[in-house]
Each structure stands twice: as structure tokens, then as C-alpha cells.
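Presented below is the structure to which this report refers.
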Amino acid sequence: MENSLKSSGKPLAAPKVGMVSLGCPKALVDSEQIITQLRAEGYEISGTYDGADLVVVNTCGFIDEAVQESLDAIGEALAENGKVIVTGCLGAKKSASGSGLIAEVHPKVLAVTGPHAVGEVMQAVHSHLPKPHDPFVDLVPAAGIKLTPRHYAYLKISEGCNHRCSFCIIPSMRGELVSRPVAEVMLEAENLFKSGVKELLVISQDTSAYGVDVKYRTGFWNGRPLKTRMTELVGALGELAAQYGAWVRLHYVYPYPHVDEIIPMMAQGPLKGHVLPYLDVPFQHAHPEVLKRMKRPANAERVLERVQKWREICPDLTIRSTFIAGFPGETDAQFETLLDFIREAELDRVGCFAYSPVEGASANALDGALPDDVREARRARFMEVAEEVSAARIARKVGKTLKVLIDEVNAEGGIGRTAADAPEIDGVVYVEPAAKASKRYKVGEFVSVKITGADGHDLWGEV
């Protein structure tokens with residue numbers, strides 16, 4: 001069989017991108033990163049306007065002189081080439097009317113982003129100049145290689161942690177908090193939704209701290225500014241999920257004050273049903289003295305008030321948490337305080353570990369280490385109380401009709417999860433076979449299920 005590529009006599013020419021870089025060394029580094037990504041994807045870099053298929057102009061907007069230089073450079077690129085993408089500091093600058101300055105002065109530009117926006121620039125380049133085919137790289141789907149089922153995926157938004165909890169050594173292994181650029185996060189999320197993902201699980205070591213390390217720097221997504229901050233990210237992910245009829249679930253959410261801003265998104269408006277009413281909050285304990293020894297925030301009363309307020313705003317809210325029983329120095333009274341907290345907070349999903357020393361953790365040096373049997377007894381007692389609370393809450397769902405995402409199909413019908421159930425760690429819904437013999441459930445589809453029974457952490461229902 002003949003190779004069809006031979007008929008052209010030569011390989012297809014790679015698309016060419018011109019680059020104009022203005023401003024400070026930080027802007028120069030951004031330009032280097034853009035060029036590096038372009039080359040990695042198979043684009044060629046043109047040294048002239050007329051030799052380029054489009055031009056990227058990296059601007060400066062620090063002083064008036066730099067603003068004018070940047071506007072002139074954009075105008076020149078438009079005149080000489082006609083296809084221009086603008087990035088850099090001037091991209092974030094507003095005009096006197098409040099609109100984007102660049103779009104007002106040069107309305108023919110293809111796209112505008114702010115500084116440090118490699119992902120956004122590449123998205124714009126792809127839209128106007130599709131990347132060349134690479135027989136090796138193109139074997140990798142845009143969403144990347146995933147080890148989860150096709151219909152759900154984890155989205156890591158940061159690495160590392162700034163906390164110094166005495167029982168934990170994660171910071172020594174993973175380092176300080178490093179937040180991913182918001183455009184990069186959004187692009188990955190979009191690719192995942194496009195690939196068929198119906199549930200996106202947002203993860204990190206500390207989701208609430210997203211953006212702290214970059215002082216909540218403003219990035220760009222789809223031509224609009226977007227803060228590197230949890231509230232804004234969740235809102236943008238929710239909007240994206242709504243476009244694809246999908247869910248966004250939040251994990252590892254420390255109870256910082258701005259978490260309060262997320263709850264209304266779950267309860268009302270266009271994001272309801274997409275930003276799930278579900279929070280995974282690692283409380284770890286409830287007694288202030290124990291929390292102090294753990295080097296954790298130590299205002300349990302305030303936490304309880306906030307949990308109650310969250311539920312007033314969003315009655316369907318599911319709260320998952322993890323705790324440690326038998327921490328060094330924990331007294332009987334302090335343990336009872338923990339049990340009281342579980343009852344009052346009515347946490348839906350709870351995990352508990354008997355304290356165990358971790359090599360390298362500062363808690364190893366604390367006085368008051370408890371015997372193994374005491375630690376295990378407290379863990380078991382804790383889980384008894386937690387399961388009583390959980391069973392009471394889950395029983396309230398009987399008789400309701402809930403939206404269920406199907407994870408598995410078998411002869412007995414289907415197995416899925418509600419908004420209250422994260423994969424692997426929470427309960428499931430056993431769905432009876434469809435009434436019509438011709439109807440079979442599909443993995444990754446949503447179905448409305450009337451709940452007919454509850455047992456432990458799981459539900460039973462029928463369509």
C-alpha cells in the first residue's frame with residue numbers, strides 16, 4: 001500500500017507565529033514560556049511579520065510611555081500582518097470608559113489576555129491557528145491520560161501546603177503551597193468536560209488557600225479577568241460545568257472565611273446543581289486545646305455556628321470530614337467534646353483515625369501519648385456516634401427523588417451516586433432495573449431516582 005503523504009512531495013509546512021516582546025524581564029520570561037510552548041507543540045517562530053500566520057504581542061502597561069509603545073506595536077502588527085493576539089500587563093488595563101483599553105483602541109485584535117497567561121495565549125493561538133499534527137503527541141488526548149472512569153476526573157489546582165499541623169509531614173514532602181495558573185486550571189477543566197467527564201472533583205492539599213501564594217493574582221479566561229482565588233475559580237468552574245451539564249465537587253476545603261461565599265452558589269442561581277452542595281472539610285477535632293496541640297485553627301464554637309449558617313442557606317448541604325481520636329494529651333472530657341460536636345454539627349460523612357505517630361512529625365515530641373487500646377477504643381466509639389448521625393440524616397432522603405450519576409450497570413440495574421456521594425469514599429445508590437425492558441442505564445448518564453430505602457451509608461431507589 002502506498003503512503004498517501006508521498007503525493008505532496010514534501011512534508012506539510014508547520015504554522016508560523018511571530019513574537020513581539022516588550023517590557024520588563026518578567027514579561028520577557030512570559031514570552032520565553034509562550035515560545036517554548038509553541039515550539040513544543042510544533043509551531044515555528046517567525047522573525048518577520050509577513051512570514052508569520054499570526055503575531056503575539058506581549059505588552060507593558062506600567063507607565064504612559066510603555067502604554068503608548070505597546071499600542072503602537074499592536075497597530076504595527078495589525079498593519080503588517082492582520083492577525084494579532086495581545087498578552088501582558090496592558091491586557092488588564094481599562095480605558096476611561098471602563099472597557100478594555102486594547103479592544104477599544106484596536107478592536108480588530110483576535111484575543112486579549114493579561115500577564116503570565118501562557119494557557120490563555122495558547123488557547124487563543126489554537127482557536128485561530130490550529131496546532132500541527134504530531135503523530136506522537138496526538139496519541140495523548142487533550143484531557144490527558146486518566147486512571148479514573150471516563151465520566152469523572154480529579155482536577156488538582158495546587159501543590160503543597162502552608163500549614164504546619166503537628167501530626168502531618170506533607171509540607172516537608174510536597175513543599176509550600178504552589179497554585180496553578182487559573183487559565184491552566186480552566187483549560188484542563190474544559191478539556192475534561194469536552195472528553196465526556198460529568199463530574200469534576202477539585203482537589204489539592206488546601207483548596208481554600210488557592211491563590212494565596214500569588215496574592216490572588218488576576219489571570220484571564222475566555223477574554224475576561226479571573227482571580228486566582230477559590231471563590232472566583234469555583235464560580236468559573238460552575239459556569240463551565242453548566243455548559244456541559246456536569247457537576248463540580250469540592251474537596252479539602254479548610255473553613256476559611258471566604259468559604260462562606262461558596263455556599264450561595266450551591267443553593268441558588270444558575271450554578272445550583274452544578275457546584276454541588278458538598279464540602280469536604282478536614283476539621284480533625286473540636287476541642288480548642290487539642291486543636292492547639294495539633295497546630296490547627298482552634299475556634300470550634302465559631303465553626304459550629306458557621307456549619308449551622310451554611311445549612312440555613314443551603315439545606316441540602318452535605319459535609320464530609322475527617323478526625324483524629326486519641327491525639328497525645330487528649331483527655332476523656334476533650335474526647336466527649338468531640339462527640340458532642342459531631343452530634344450538634346450533624347456531619348453527613350465522617351472518617352476517623354486512631355492517632356498514630358508519623359516519622360518526622362512534631363507531634364511525636366508531645367507529652368501525654370495514649371496507649372494503643374485507648375486510641376482504638378476512642379476511634380470505635382467515635383464511629384458509633386458518627387454512624388448514628390449519618391444514618392439519621394440519610395433516612396430523611398427516603399421518598400425523595402434525587403439526581404443520580406450512574407457509575408456501574410449490571411443485571412440488577414445500576415449503581416450510582418447522588419450529589420452527596422463522592423466516588424470511593426461515600427455511599428452509593430442501588431437503582432432497580434428500568435421498568436421498560438428496552439431501557440438500559442448507561443455509565444456516565446444522569447437519571448432521576450425515587451429513593452425507596454436506606455441502610456447504613458447507602459440508598460436504594462427506582463426510576
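From the backbone N, Cα and C atoms, a Cβ is placed for every residue, glycine too.
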Q | Further binder of [4Fe-4S] cluster 1 named by Swiss-Prot next to C24, C60, taken from the candidates C89, C161 | A | C89
**Q.** Close in space, distant in sequence - C161 ([4Fe-4S] cluster 2 binding site), Cβ under 8 Å, 6 or more apart
**A.** I170, P171, R174, E176, L177, Q205, D206, A209
Q.
Using a 10 Å cut-off on CB atoms, tell me which of the binding-site residues C24, C60, C89, C165, C168 is the least crowded.
A. C24
**Q.** Spatial separation of C168 ([4Fe-4S] cluster 2 binding site) from C24 ([4Fe-4S] cluster 1 binding site) - C-alpha basis, Å
**A.** 40
Q: For the domain 'MTTase N-terminal' (15-130), would you mind checking the mean pLDDT of the predicted model?
A: 88
Q: Could you name the residues, excluding C161, C165, C168, of the same chain that surround the [4Fe-4S] cluster 2 site, i.e. Cβ within 8 Å of the Cβ centre of those residues, in sequence order?
A: H163, R164, F167, I169, I170, P171, Q205
**Q.** Inter-residue C-alpha distance, C168 ([4Fe-4S] cluster 2 binding site) and C60 ([4Fe-4S] cluster 1 binding site) (nearest angstrom)
**A.** 43
Q: Summarise the domain 'MTTase N-terminal' (15-130) by DSSP state, stating how many residues are helix, strand and coil.
A: 53 helix, 24 strand, 39 coil
